[in-house]
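Visitor: Got a structure for you, questions after.
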Amino acid sequence: MSKILVFGHQNPDTDAIASSYAFDYLSQKAFGLDTEVVALGTPNEETAFALDYFGVEAPRVVESAKAQGSEQVILTDHNEFQQSIADIREVEVYGVVDHHRVANFETANPLYMRVEPVGSASSIVYRMFKENGIEVPKAIAGMLLSGLISDTLLLKSPTTHVSDHLVAEELAELAEVNLEDYGMALLKAGTNLASKSEVELIGIDAKTFELNGNAVRVAQVNTVDISEVLERQEAIEAAIKDAMAAEGYSDFVLMITDIVNSNSEILAIGANMDKVEAAFNFTLDNNHAFLAGAVSRKKQVVPQLTESFGA
(Lines of atoms letter the chains of each structure in order from A and count residues from 1; the text may use other names and numbers.)
(Lines give C-alpha, C1' and ligand atoms only; values in the text may rest on other atoms or scores of the structure.)
Protein backbone atom coordinates (compact mmCIF):
# COMPACT_ATOMS: atom_id res chain seq x y z
CA MET A 1 0.00 0.00 0.00
CA SER A 2 1.48 3.35 -1.04
CA LYS A 3 1.83 6.27 1.32
CA ILE A 4 -0.87 8.90 1.57
CA LEU A 5 0.67 12.26 0.72
CA VAL A 6 -0.23 15.20 2.96
CA PHE A 7 0.28 18.71 1.61
CA GLY A 8 -0.93 22.29 1.54
CA HIS A 9 -1.63 24.43 -1.53
CA GLN A 10 0.65 25.59 -4.34
CA ASN A 11 2.98 28.48 -3.46
CA PRO A 12 2.75 27.33 0.15
CA ASP A 13 2.57 29.87 2.95
CA THR A 14 3.39 29.16 6.57
CA ASP A 15 -0.06 27.78 7.40
CA ALA A 16 0.07 25.39 4.43
CA ILE A 17 3.44 23.99 5.52
CA ALA A 18 2.64 23.97 9.24
CA SER A 19 -0.80 22.38 9.03
CA SER A 20 0.37 19.62 6.68
CA TYR A 21 3.47 18.92 8.77
CA ALA A 22 1.42 18.62 11.94
CA PHE A 23 -1.43 16.67 10.36
CA ASP A 24 1.04 14.14 8.97
CA TYR A 25 2.25 13.49 12.54
CA LEU A 26 -1.31 13.34 13.87
CA SER A 27 -2.43 10.96 11.11
CA GLN A 28 0.23 8.48 12.12
CA LYS A 29 -0.13 8.81 15.89
CA ALA A 30 -3.92 9.03 16.18
CA PHE A 31 -5.24 7.26 13.10
CA GLY A 32 -2.48 4.81 12.22
CA LEU A 33 -2.22 6.05 8.65
CA ASP A 34 0.87 5.59 6.49
CA THR A 35 1.40 9.21 5.47
CA GLU A 36 4.19 11.49 4.30
CA VAL A 37 4.18 15.27 4.38
CA VAL A 38 5.31 16.93 1.15
CA ALA A 39 5.00 20.43 -0.28
CA LEU A 40 3.92 21.94 -3.59
CA GLY A 41 6.67 24.55 -3.53
CA THR A 42 9.64 25.75 -1.53
CA PRO A 43 9.05 27.60 1.75
CA ASN A 44 9.00 31.40 1.63
CA GLU A 45 11.28 33.42 3.92
CA GLU A 46 8.70 33.68 6.68
CA THR A 47 8.16 29.91 6.69
CA ALA A 48 11.90 29.29 6.50
CA PHE A 49 12.30 31.42 9.63
CA ALA A 50 9.80 29.23 11.51
CA LEU A 51 11.33 25.98 10.27
CA ASP A 52 14.80 27.10 11.30
CA TYR A 53 13.63 28.46 14.67
CA PHE A 54 12.03 25.16 15.66
CA GLY A 55 14.57 22.89 13.97
CA VAL A 56 12.15 21.39 11.47
CA GLU A 57 13.28 20.11 8.08
CA ALA A 58 11.33 21.51 5.13
CA PRO A 59 9.11 18.92 3.41
CA ARG A 60 10.37 17.69 0.07
CA VAL A 61 8.77 19.35 -2.94
CA VAL A 62 6.69 17.28 -5.36
CA GLU A 63 4.65 18.09 -8.45
CA SER A 64 2.70 14.87 -8.94
CA ALA A 65 1.26 12.34 -6.50
CA LYS A 66 1.33 9.42 -8.92
CA ALA A 67 4.97 10.11 -9.73
CA GLN A 68 5.62 9.38 -6.04
CA GLY A 69 3.67 6.13 -6.27
CA SER A 70 0.75 7.55 -4.29
CA GLU A 71 -2.91 7.11 -5.13
CA GLN A 72 -4.36 8.95 -2.12
CA VAL A 73 -3.82 12.47 -0.79
CA ILE A 74 -4.83 14.61 2.17
CA LEU A 75 -5.20 18.35 1.58
CA THR A 76 -4.63 20.98 4.23
CA ASP A 77 -5.24 24.72 3.99
CA HIS A 78 -7.04 24.36 0.63
CA ASN A 79 -9.64 22.38 -1.24
CA GLU A 80 -10.03 24.02 -4.65
CA PHE A 81 -8.47 21.72 -7.24
CA GLN A 82 -6.76 24.51 -9.22
CA GLN A 83 -4.75 25.32 -6.08
CA SER A 84 -3.67 21.72 -5.52
CA ILE A 85 -1.29 19.12 -6.91
CA ALA A 86 -1.08 18.78 -10.69
CA ASP A 87 -2.74 15.35 -10.87
CA ILE A 88 -5.37 15.97 -8.18
CA ARG A 89 -8.17 14.68 -10.45
CA GLU A 90 -6.33 11.39 -10.99
CA VAL A 91 -5.97 10.43 -7.32
CA GLU A 92 -8.32 9.87 -4.40
CA VAL A 93 -8.77 12.71 -1.94
CA TYR A 94 -8.67 10.85 1.37
CA GLY A 95 -9.25 13.91 3.53
CA VAL A 96 -9.36 17.70 3.76
CA VAL A 97 -8.62 20.04 6.68
CA ASP A 98 -9.28 23.63 5.67
CA HIS A 99 -10.60 27.05 6.68
CA HIS A 100 -11.47 28.50 3.26
CA ARG A 101 -14.57 28.48 1.07
CA VAL A 102 -15.36 25.15 -0.60
CA ALA A 103 -15.39 25.50 -4.38
CA ASN A 104 -14.44 23.61 -7.55
CA PHE A 105 -14.29 20.47 -5.46
CA GLU A 106 -15.83 17.05 -5.90
CA THR A 107 -14.84 13.47 -5.14
CA ALA A 108 -15.91 10.05 -6.34
CA ASN A 109 -15.73 8.53 -2.86
CA PRO A 110 -16.71 9.61 0.66
CA LEU A 111 -13.91 11.35 2.53
CA TYR A 112 -12.94 12.90 5.83
CA MET A 113 -13.56 16.63 5.52
CA ARG A 114 -13.19 19.22 8.24
CA VAL A 115 -13.71 22.85 7.33
CA GLU A 116 -14.11 25.55 9.97
CA PRO A 117 -14.31 29.37 9.67
CA VAL A 118 -11.30 29.96 11.91
CA GLY A 119 -8.11 31.93 11.42
CA SER A 120 -5.93 29.11 10.13
CA ALA A 121 -5.86 25.45 9.20
CA SER A 122 -3.27 25.13 11.96
CA SER A 123 -5.95 26.08 14.49
CA ILE A 124 -8.07 23.13 13.37
CA VAL A 125 -5.18 20.67 13.45
CA TYR A 126 -4.27 21.75 16.98
CA ARG A 127 -7.84 21.17 18.10
CA MET A 128 -7.70 17.68 16.59
CA PHE A 129 -4.58 16.88 18.62
CA LYS A 130 -6.51 17.75 21.77
CA GLU A 131 -9.62 15.84 20.72
CA ASN A 132 -7.58 12.70 20.14
CA GLY A 133 -5.49 13.02 23.27
CA ILE A 134 -2.21 13.33 21.36
CA GLU A 135 0.58 15.32 23.01
CA VAL A 136 1.84 18.18 20.86
CA PRO A 137 5.66 18.17 20.57
CA LYS A 138 7.38 21.53 20.97
CA ALA A 139 8.41 21.77 17.31
CA ILE A 140 4.90 20.99 16.08
CA ALA A 141 3.41 23.48 18.52
CA GLY A 142 5.83 26.09 17.20
CA MET A 143 4.92 25.41 13.60
CA LEU A 144 1.18 25.45 14.31
CA LEU A 145 1.60 28.73 16.18
CA SER A 146 3.52 30.11 13.21
CA GLY A 147 0.74 29.10 10.83
CA LEU A 148 -1.85 30.85 12.98
CA ILE A 149 0.26 33.99 13.43
CA SER A 150 0.96 34.16 9.71
CA ASP A 151 -2.63 33.79 8.55
CA THR A 152 -4.09 36.19 11.13
CA LEU A 153 -1.22 38.72 11.16
CA LEU A 154 -0.69 38.05 14.84
CA LEU A 155 -4.43 37.85 15.57
CA LYS A 156 -5.13 41.29 14.02
CA SER A 157 -6.80 40.12 10.81
CA PRO A 158 -10.63 40.09 10.59
CA THR A 159 -10.32 36.37 9.82
CA THR A 160 -9.27 35.79 13.44
CA HIS A 161 -11.86 33.65 15.22
CA VAL A 162 -12.65 34.22 18.87
CA SER A 163 -11.21 30.77 19.62
CA ASP A 164 -7.88 31.58 17.96
CA HIS A 165 -6.70 33.74 20.86
CA LEU A 166 -6.76 30.82 23.30
CA VAL A 167 -5.23 28.52 20.69
CA ALA A 168 -2.36 30.98 20.22
CA GLU A 169 -1.77 31.27 23.96
CA GLU A 170 -1.72 27.51 24.44
CA LEU A 171 0.57 26.92 21.46
CA ALA A 172 2.96 29.66 22.58
CA GLU A 173 3.25 27.97 25.97
CA LEU A 174 3.87 24.57 24.38
CA ALA A 175 6.41 26.08 21.99
CA GLU A 176 8.09 27.98 24.84
CA VAL A 177 7.99 31.37 23.11
CA ASN A 178 6.59 34.81 23.89
CA LEU A 179 3.61 35.22 21.58
CA GLU A 180 4.12 38.91 20.73
CA ASP A 181 7.91 38.80 20.40
CA TYR A 182 8.01 35.65 18.31
CA GLY A 183 5.01 36.76 16.27
CA MET A 184 6.57 40.06 15.22
CA ALA A 185 9.89 38.38 14.42
CA LEU A 186 8.09 35.85 12.21
CA LEU A 187 6.05 38.46 10.33
CA LYS A 188 9.06 40.72 9.79
CA ALA A 189 10.98 37.79 8.32
CA GLY A 190 8.38 37.66 5.57
CA THR A 191 8.68 41.32 4.60
CA ASN A 192 12.17 41.15 3.10
CA LEU A 193 11.18 41.76 -0.51
CA ALA A 194 14.30 43.55 -1.75
CA SER A 195 16.05 40.29 -2.59
CA LYS A 196 13.04 38.98 -4.53
CA SER A 197 12.75 39.30 -8.28
CA GLU A 198 9.43 40.59 -9.60
CA VAL A 199 8.52 37.08 -10.74
CA GLU A 200 9.22 35.75 -7.25
CA LEU A 201 7.37 38.63 -5.63
CA ILE A 202 4.09 38.00 -7.45
CA GLY A 203 4.32 34.29 -6.69
CA ILE A 204 5.21 34.39 -2.98
CA ASP A 205 1.60 33.87 -1.93
CA ALA A 206 -0.69 33.56 -4.94
CA LYS A 207 -3.87 31.60 -5.60
CA THR A 208 -6.10 31.19 -8.64
CA PHE A 209 -9.87 31.50 -8.33
CA GLU A 210 -12.42 30.48 -10.97
CA LEU A 211 -14.93 33.33 -11.00
CA ASN A 212 -17.77 32.96 -13.48
CA GLY A 213 -15.53 31.50 -16.16
CA ASN A 214 -12.61 33.79 -15.41
CA ALA A 215 -9.29 32.61 -14.01
CA VAL A 216 -8.49 35.34 -11.50
CA ARG A 217 -5.08 35.26 -9.86
CA VAL A 218 -4.96 36.93 -6.43
CA ALA A 219 -1.51 37.38 -4.91
CA GLN A 220 -0.42 39.00 -1.66
CA VAL A 221 2.86 40.33 -0.32
CA ASN A 222 3.46 41.66 3.18
CA THR A 223 5.60 44.73 3.75
CA VAL A 224 6.32 47.48 6.23
CA ASP A 225 6.49 50.08 3.44
CA ILE A 226 4.02 49.95 0.53
CA SER A 227 5.86 52.71 -1.33
CA GLU A 228 8.98 50.56 -1.63
CA VAL A 229 6.97 47.95 -3.52
CA LEU A 230 5.26 50.51 -5.74
CA GLU A 231 8.68 51.85 -6.74
CA ARG A 232 8.99 48.59 -8.68
CA GLN A 233 5.55 48.88 -10.29
CA GLU A 234 6.70 48.89 -13.91
CA ALA A 235 8.75 45.72 -13.49
CA ILE A 236 6.02 44.09 -11.38
CA GLU A 237 3.43 44.80 -14.07
CA ALA A 238 5.70 43.29 -16.71
CA ALA A 239 6.00 40.12 -14.62
CA ILE A 240 2.23 40.03 -14.12
CA LYS A 241 1.55 40.37 -17.85
CA ASP A 242 4.01 37.57 -18.60
CA ALA A 243 2.27 35.34 -16.04
CA MET A 244 -1.15 36.16 -17.49
CA ALA A 245 0.00 35.28 -21.00
CA ALA A 246 1.67 32.06 -19.89
CA GLU A 247 -1.08 30.79 -17.57
CA GLY A 248 -4.21 32.23 -19.16
CA TYR A 249 -5.31 34.40 -16.24
CA SER A 250 -8.02 36.88 -17.21
CA ASP A 251 -7.15 39.16 -14.31
CA PHE A 252 -4.36 39.56 -11.78
CA VAL A 253 -4.90 41.26 -8.42
CA LEU A 254 -1.90 41.94 -6.18
CA MET A 255 -2.47 42.90 -2.53
CA ILE A 256 0.45 44.89 -1.13
CA THR A 257 -0.25 44.68 2.59
CA ASP A 258 1.22 46.95 5.25
CA ILE A 259 1.42 44.67 8.30
CA VAL A 260 2.15 47.57 10.66
CA ASN A 261 -0.80 49.82 9.79
CA SER A 262 -3.15 47.07 8.54
CA ASN A 263 -3.92 48.51 5.11
CA SER A 264 -3.35 47.37 1.53
CA GLU A 265 -2.69 48.84 -1.87
CA ILE A 266 -4.36 46.91 -4.68
CA LEU A 267 -2.48 46.63 -7.97
CA ALA A 268 -4.68 45.11 -10.66
CA ILE A 269 -4.42 44.34 -14.37
CA GLY A 270 -6.77 42.44 -16.65
CA ALA A 271 -9.92 42.20 -18.70
CA ASN A 272 -12.38 42.91 -15.91
CA MET A 273 -11.11 45.99 -14.13
CA ASP A 274 -14.66 47.37 -13.99
CA LYS A 275 -15.59 44.40 -11.83
CA VAL A 276 -12.50 44.85 -9.66
CA GLU A 277 -13.34 48.52 -9.11
CA ALA A 278 -16.95 47.66 -8.31
CA ALA A 279 -15.86 44.98 -5.85
CA PHE A 280 -14.00 47.48 -3.70
CA ASN A 281 -15.87 50.67 -4.56
CA PHE A 282 -12.73 52.44 -5.66
CA THR A 283 -11.20 53.78 -8.88
CA LEU A 284 -7.87 52.47 -10.05
CA ASP A 285 -5.32 55.19 -10.76
CA ASN A 286 -2.34 53.97 -12.76
CA ASN A 287 -3.59 50.43 -12.10
CA HIS A 288 -3.61 50.70 -8.31
CA ALA A 289 -5.76 51.98 -5.45
CA PHE A 290 -5.68 52.13 -1.65
CA LEU A 291 -7.89 49.75 0.34
CA ALA A 292 -8.09 50.90 3.95
CA GLY A 293 -8.16 48.23 6.64
CA ALA A 294 -7.74 45.35 4.21
CA VAL A 295 -5.29 42.65 5.24
CA SER A 296 -7.13 39.41 4.44
CA ARG A 297 -7.41 37.97 0.94
CA LYS A 298 -9.84 35.34 2.19
CA LYS A 299 -12.30 37.69 3.86
CA GLN A 300 -11.74 41.15 2.37
CA VAL A 301 -10.85 40.46 -1.26
CA VAL A 302 -12.01 37.10 -2.62
CA PRO A 303 -15.67 37.30 -1.44
CA GLN A 304 -15.99 40.81 -2.87
CA LEU A 305 -14.50 39.73 -6.20
CA THR A 306 -16.72 36.65 -6.26
CA GLU A 307 -19.83 38.78 -5.85
CA SER A 308 -18.72 41.39 -8.37
CA PHE A 309 -17.86 38.77 -11.00
CA GLY A 310 -21.24 37.16 -10.43
CA ALA A 311 -19.64 33.83 -9.63
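Cβ atoms here come from the backbone N, Cα and C positions, even for glycine.
Found this in Swiss-Prot, in case it helps:
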BINDING   H9, D13, D77  Mn(2+) 1 binding site
BINDING   D15, D77, H99, D151  Mn(2+) 2 binding site
Visitor: Sort H99 (Mn(2+) 2 binding site) into helix, strand or coil using the DSSP assignment.
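Guide: Assignment for H99 (Mn(2+) 2 binding site) reads coil.
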Visitor: For the recorded Mn(2+) 2 site, enumerate neighbouring residues of the same chain (Cβ within 8 Å of the Cβ centroid of D15, D77, H99, D151, site residues themselves excluded), in sequence order.
Guide: D13, A16, S19, T76, D98, H100, G119, S120, A121, S122, S123, G147
Visitor: Any idea what the Cα distance is from H9 (Mn(2+) 1 binding site) over to D15 (Mn(2+) 2 binding site), rounded to a whole Å?
Guide: 10
Visitor: Between the Cα atoms of H99 (Mn(2+) 2 binding site) and D77 (Mn(2+) 1 binding site), find the distance and write it as a whole number of Å.
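Guide: Per the Cα atoms, H99 (Mn(2+) 2 binding site) and D77 (Mn(2+) 1 binding site) stand 6 Å apart.
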Visitor: Round to a whole number and give the Cα-to-Cα distance in Å for the pair D151 (Mn(2+) 2 binding site) and D13 (Mn(2+) 1 binding site).
Guide: 9
Visitor: Cβ neighbours within 10 Å, counted over all protein chains: which one of the binding-site residues H9, H99 has the most?
Guide: H9
Visitor: Which of the listed binding-site residues (D13, D15) has the least company, meaning the fewest other Cβ atoms within 10 Å of its Cβ?
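Guide: Candidates: the binding-site residues D13, D15. Fewest Cβ atoms within 10 Å: D13.
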Visitor: Take the C-alpha atoms of D77 (Mn(2+) 1 binding site) and D15 (Mn(2+) 2 binding site) and report the distance between them in angstrom, rounded.
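Guide: If we compare the Cα positions of D77 (Mn(2+) 1 binding site) and D15 (Mn(2+) 2 binding site), the gap is 7 Å.
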Visitor: Once the DSSP letters are reduced so that anything not helix or strand counts as coil, what is D151 (Mn(2+) 2 binding site)?
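Guide: Going by the DSSP assignment, D151 (Mn(2+) 2 binding site) falls within a helical segment, counted as helix.
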